[in-house]
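Q: I grabbed these lines from Swiss-Prot:
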type     : residues : note
ACT_SITE : SER207   : active site
ACT_SITE : ASP233   : active site
ACT_SITE : HIS364   : active site
COMPBIAS : 36-49    : compositional bias 'Polar residues'
REGION   : 1-49     : region 'Disordered'
REGION   : 402-427  : region 'Disordered'
Amino acid sequence: MSELQKSFAKAKLAKLPPEAPPFSMHPPRDEDDSESASSTGTVVPSPSRQLFARSRGSTCGVIFRLLAILTHPRSNSVETLNWTDFFTQELFLIQETDSARITHHVYLTPPTNSGPLFVMHHGAGSSGLSFATCAEEIRKILPKAGILSIDARDHGQTSTYTETGEGKVELDLSLETLNRDLVFIVRETQSKMGWESLPDIVLVGHSLGGAVITDVAKKGELGPKVLAYAVLDVVEGSAMDALQSMEKYLSTRPTRFPSLASGIEWHTRSRTIRNRTSARVSVPSLLYEEAAPTDPSKPWVWRTNLAETKPFWENWFIGLSKKFLEARGGKLLLLAGTDRLDKELMIGQMQGKYQLQVFPEAGHFVQEDQPVKTAQVLVDFYKRNDRSALVLPPKVADMQASAAMKQGAEAGAVPPFGRGQGSSHKP
């Protein structure tokens, strides 16, 4: 290189901006790498592998890394996600009773091509969006499936008022009431959607929701269309034991949040929900902003006051194990740990009365922590109980008759169970 060329190159290099500090293209992961990766089915190579490395002085490399962070689906954002990303529509179903007017709110993606309908019931203090990410994954595996995820009474956007509309009615979250609500919602959805008959149904309930769907399955009020039911992380024995410490747990929870983002952050940092994507869609439905907050710096409060539900706690879970084992239809119990099994269910498991699946890496909200795995288990569970795919073998008598006819035809003989009119017969 000539001296003239060298001096020209030095002059150009001197005008370039300072070298950008190096940083990894890999975005921050959720708080628990194992849960986060399995929740999305996405495996991100470790930074040490440097699969997309660029030279430190390369401006293109810096831009590439920036774009990767901005567009990567596993970003550490606490921005809320809308329900429309997971369901196709919402319904408001009005139920009139002697003392109240209830507006049930549900999220719906209708089934297609004779697909099944997964009816989802959340746990206490949660909402229908607790199943949002799981519903999305179910549809990826089984596109014809429908999802009906409800907001239970006094949860989410479901509201209960007196007949005059002047005030709220007394809180009633008894198992019997929640049972009637769920049956009404399914039937009213059928009417609203103009379905001539109900599609095949798989009931899915988490925690309190597990008790409700088991009660519905046991009483058979939705008829033979209920193929099966799945209970997520609740059994009678451990639930009754946990009630003793419920008040202490509630006293340790924050009562207010400065913003929705801080509410999402608390759920993920406390590991109440271990999947940030699910928290971003489900947590906003658990909170509402007070018009005149007592603490203006923290205007967001819980939509459902769990402490007020205490009178119903035992009513939800007493007799759950017995009903779960006795109800008609396929049975699935999905737990976050085998230590949750009580004696009755352990015996039932050894007798092969139900399917047991355990996700030890998940917390209590298994469908939120592990939506991909939960969806796969639920779809496989449906397929095992799908009557439309069942081909019954021919009866033994029919098989014997068919074999005899074939043998007689090959030998030119008359079938053993009938002779022609002109045939002779000796006793």
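Including glycine, each Cβ sits where the backbone N, Cα and C put it.
Note that the structure is a prediction, hence the values are computed from the model and not measured.
If you look at the structure here, what lies around each of the features I listed?
A: Cβ contacts within 10 Å of SER207 (active site), excluding its own Cβ and spanning all protein chains shown: 25.
The C-beta environment of ASP233 (active site), restricted to residues of the same chain at least 6 apart in sequence and closer than 8 Å, consists of HIS206, SER207, GLY210, LEU334, LEU335, ALA336, ARG340, HIS364, PHE365, VAL366. Under the three-state DSSP scheme, ASP233 (active site) falls in the coil class.
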